[in-house]
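Novice: For reference, Swiss-Prot lists these features for the protein:
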SITE      TRP41  site 'Seems to be involved in pH gating'
TOPO_DOM  44-97  topological domain 'Intravirion'
LIPID     CYS50  S-palmitoyl cysteine
REGION    60-88  region 'Disordered'
MOD_RES   SER64  phosphoserine
COMPBIAS  71-80  compositional bias 'Basic and acidic residues'
MOD_RES   SER93  phosphoserine
Amino acid sequence: MSLLTEVETPIRNEWGCRCNDSSDPLVVAASIIGILHLILWILDRLFFKCIYRFFEHGLKRGPSTEGVPESMREEYRKEQQNAVDADDSHFVSIELE
């Protein structure tokens, strides 16, 4: 017998995988969580530009326009666009009356 075989034998007997065909709820829950984590990580790496762009721009929406007439909305959009077009390198503050 080689030294390698003598060292491996007790480890294989003591620490062998005992979770094959296991119906232990903790093992099942850990497996499901692990698989979901792997799937979410893969999706995050594949679509991270789309996901983070959505959150970045989605959370920076302007004020609510509910109840505001369409003419005032259009005027506000034009003022915003003119401010952006006027100077792209400096911050422009628009005060609404």
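Cβ from N, Cα, C; glycine included.
Remember, it's a predicted structure, so these values are computed and weren't measured experimentally.
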Novice: Provide the three-state secondary structure of CYS50 (S-palmitoyl cysteine) computed with DSSP.
Specialist: helix
Novice: Treating G and I as helix alongside H, and B as strand alongside E, what does DSSP give for the compositional bias 'Basic and acidic residues' (71-80) in helix, strand and coil?
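Specialist: Reading the DSSP string over the compositional bias 'Basic and acidic residues' (71-80) gives 10 helix, 0 strand, 0 coil.
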Novice: Using the alpha carbons only, what distance in Å do you get between TRP41 (site 'Seems to be involved in pH gating') and the residue listed as 'S-palmitoyl cysteine' once rounded?
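Specialist: Rounded to a whole number, the Cα-Cα distance is 14 Å.
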